[in-house]
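**Q** These came from TrEMBL, pasted as-is:
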ACT_SITE  His178  active site, proton acceptor
BINDING   Gly9, Ala10, Ser11, Gly12, Gly13, Ile14, Gly15, Asp35, Asn95, Ile118, Ala119, Asn120, Met229  NAD(+) binding site
BINDING   Arg82, Arg88, Asn120, Arg154  substrate binding site
DOMAIN    7-146  domain 'Lactate/malate dehydrogenase N-terminal'
DOMAIN    148-312  domain 'Lactate/malate dehydrogenase C-terminal'
Amino acid sequence: SYLFSFVLGASGGIGQPLSLLLKNSPLVGELSLFDIAHTPGVAADLSHIETRAHVTGYMGPDQLDAALKGCDVVVIPAGVPRKPGMTRDDLFNTNATIVATLADAVARNCPEAMVCIIANPVNSTIPITSEVMKKYGVYNPNRVFGVTTLDIVRANAFVAELKGLDPARVNVPVIGGHAGKTIIPLISQATPKVEFPADQLSALTARIQDAGTEVVKAKAGAGSATLSMAYAGARFTFSVLDAMNGKDGVVECAYVRSEETECKYFSTPLLLGKHGIEKNLGLGKLSAFEENLVADAIGELKGSIKKGEDFVANIK
């Protein structure tokens, strides 16, 4: 079955490589691209690729509804990137407004779609999306995902590098949220099993938590993680599409509505199915070090969630 996928923010630094990866996939039948500028050019360029996906480009607010009609999966990388010295939270006002507008259009045009949010700060943009969809009475917590896959991809790459393993075979669950200390890599649950001395574990954890800033600094004002984020966004989207197509045993971590901790939203490994989340696999057995990381993250996460909810409550 070929599904209709849709990228909001398709002309941006993440949107273009993400659209390329989706166009390259046999899972995608229709690829609908939307942005406020340049989309016709991106769509024309991608349409010359010899793969099955049919590409359509939409541009500007008046084409947003048409772009979303009938979509099965909506991926939202839209928003402004980080610059050196900025936190993900500094993007809040700009990106919160963009995400609320797009969530409103999704609620009106394709309320049944799987919604995958990449736009930062994810810890707040998922509560924003959920609250907007609640206003329309179409919120389904099993279909709204904060894409944290880049944290897992980075953890896998860094652990493989330190241990001389094939990164494609390493799997490190990462739970919590998607900013700084809310990013909690569960090295104790990694497969294959790996062990690090305390000082190395602490340094590795900090590197995973701050990896986004590593890229922002290296790009020296020219943006944030775009290529690795596009790869991670595509990986998550393909997992969702595989599960919708009936593939068994598809597990990805994502930031979702959750009862696993005292936070309303929390990322954990999820078993995906035809209708989104089939089962939340929870935190699993944590080491003492990881339990402390979770305890440290809760306060910040609750604040970010409330900030997102308050933003929607105050929309005129």
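Yeah, the Cβs are placed from backbone N, Cα and C, and that goes for glycine too.
Given the structure is predicted, the values throughout are model-derived calculations rather than measurements.
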**Q** Checking the recorded positions Gly9, Ser11, Gly13, Gly15, His178, which are within 10 Å of Arg88 (substrate binding site) at the Cα level?
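**A** So the list reads His178.
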**Q** I need the CA-to-CA distance for Gly13 (NAD(+) binding site) versus Arg154 (substrate binding site), whole Å please.
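**A** Arg154 (substrate binding site) has its Cα 19 Å from the Cα of Gly13 (NAD(+) binding site).
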**Q** Output the one of Arg82, Arg88, Arg154, His178 that, of all these recorded positions, has the highest number of other Cβ atoms within 10 Å of its Cβ.
**A** His178
**Q** Using the alpha carbons only, what distance in Å do you get between Gly9 (NAD(+) binding site) and Asn120 (substrate binding site) once rounded?
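**A** Cα of Gly9 (NAD(+) binding site) to Cα of Asn120 (substrate binding site) measures 13 Å after rounding.
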**Q** Around the substrate site formed by Arg82, Arg88, Asn120, Arg154, list the extra residues of the same chain whose Cβ is within 8 Å of the site's Cβ centroid.
**A** Pro121, His178, Ala179, Gly212, Thr213, Val216, Ser224, Ala225
**Q** Helix, strand, coil: count each for the residues of the domain 'Lactate/malate dehydrogenase N-terminal' (7-146), based on DSSP.
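**A** Secondary-structure composition of the domain 'Lactate/malate dehydrogenase N-terminal' (7-146): 65 helix, 27 strand, 48 coil.
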**Q** Between all pairs in Gly9, Ala10, Ser11, Gly12, Gly13, Ile14, Gly15, Asp35, Asn95, Ile118, Ala119, Asn120, Met229 (listed as NAD(+) binders), what's the biggest Cα distance, rounded to the nearest Å?
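**A** Across Gly9, Ala10, Ser11, Gly12, Gly13, Ile14, Gly15, Asp35, Asn95, Ile118, Ala119, Asn120, Met229, the widest Cα separation comes out at 18 Å.
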**Q** Could you measure between the residue listed as 'active site, proton acceptor' and Asn120 (substrate binding site) for me? Cα positions, answer in whole angstrom.
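**A** That comes out at 9 Å between the alpha carbons.
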